[in-house]
Amino acid sequence: MKTVVLAIVKLGLTLGLFALVLRSIDIVDVILHIKRLPALTVLVVALLFVGQLIVSGIRLSAITGIIAHPVPLAMTVRINWIGAFFSQALVTFVSGDVVRAMILTRRCAIPMRNSARGVALDRLIGLLSSLLIVSLTAPWAIQLTGDETMRHSIVVMAIVGIALIAAFAFVGYLARHPALVQVARAKIKKYRVVYAILDTLSVIRHLITGWRHMPKILLTSLTLQLINVAIIFYLINGMGAEVSMWQCLLIVPTVMLISLLPFSIAGWGLRESAMATGFSLIHVPAAAALAASVMFGIFTLLLALPGGVMWWWSGSKIPLPEQ
C-alpha cells in the first residue's frame, strides 16, 4: 500500500513539474526540435549510453573487488543493465539498487550485507563525483549569470558539495577505528534514522582500505559524468541550438544532481525544469533544452529495456524487491 501511495504522489509531482515547465513553452516547438535530430546524432547518443553502462560495470567490478572479490566485467554490466531497468520500471532508483544487491548475492556468491554495501558505495561514489564536478566548476558557472540570487545559489551548492565530500571522508576515516565506531554507535543508537544513515555512509572506509582501486574508481566516475555532458551536448546541438562542451560541463552535472532528488518518477520533471533553467543562462531556447531533456529520458528508458529481457532470461529468477 505504501508503494502505491508513493507512486501516486511521485506521479502527481512529476506531472505538476511538467505542467509548470510547459506554462511558458510551446509543446509544438519542443516536438519540432526533437524532429530535427539527425539519425547520426541518435546513433552517437545511443552508443554513449551503452558506453556508460560498460564504464559503470568497470566501476562496480572494482568496488566488488574491495568489498568481497572481483566480479567479471560481463556480469557487472549485466547487473547494472538489469538495475537500470528496474529503476525505470519500479518508479525509484532504490528499486534498481535493491535488485543489483540481490543479484550480486545470488549469482556472485557475495553475502547480502556486503552486496548492499557494494551497491551503496557505488551510489555514493556517483553522488560524490557529481558534487566534486559541481564544486570545482562553480567559479566559472557563476560567470554565466548576473542574477544575484542565481549566483548565490551556485555558491551555496558548491559549499554544500565540498562540505558533504569532507563529511563523507571524515565518516569513512572514523569507521576504520573500531573504538571510535563503538562510542559513536552507543551515542546515536536511539536515533534510528541517524544510525542507519551513518552506518550506510561508513562504507566509504572501503575506499580508504582499498586505495589501490581508487584510480580506476575515480577515473570511471568522472568518465560517467563526462558521458552525460557529451550526451546533452550532442542532443542540443543536434536540435539546432549551439552550445560548447565547456558550457555543458558547467550546467549538466548540476542538472543530473537535481534529478537524483527523490521527488519524482526517475527524475522526470525535475530534470526538465533544471535543464530549462540552466541552459537559459547561456540563451539556449527553452524548447530546445526541454526537448533535449525529454530525449535523454526516452533514451534512458528505451536502453534500459534490454535489462528486463536479461532478467527474464536469467537462469535463476531474481525476485522483485517487494517479494
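In case you wondered, yes, glycine gets a Cβ from its N, Cα and C as well.
The annotation transmembrane segment is assigned in TrEMBL to 6-25 (among others).
Under the heading transmembrane segment, TrEMBL lists 37-67 (among others).
The transmembrane segment annotation in TrEMBL covers 79-103 (among others).
For 124-142 (among others), the entry in TrEMBL reads transmembrane segment.
Residues annotated as transmembrane segment in TrEMBL: 154-173 (among others).
Sequence-distant contacts of the transmembrane segment (217-236) (same chain, at least 6 residues past either end, Cβ-Cβ under 8 Å): 37, 41, 44-45, 48-49, 51-52, 55-56, 58-59, 62-63, 125-126, 128-130, 133, 207, 243-245, 248-249, 252-253, 255-256, 275, 279, 284, 288-289, 291-292, 295-296, 299. Sequence annotations record features per position, and here TrEMBL assigns transmembrane segment to 217-236 (among others).
Per TrEMBL, the feature transmembrane segment maps to 248-270 (among others).
The annotation transmembrane segment is assigned in TrEMBL to 290-313 (among others). Long-range contacts of the transmembrane segment (290-313) within the same chain: residues 21, 25, 30-31, 33-34, 37, 45-46, 49-50, 53, 78, 81-89, 99, 231-232, 235-236, 239, 255, 266-268, 271-272, 275-276, each at least 6 residues beyond the stretch ends and with a Cβ under 8 Å from a Cβ of the stretch.
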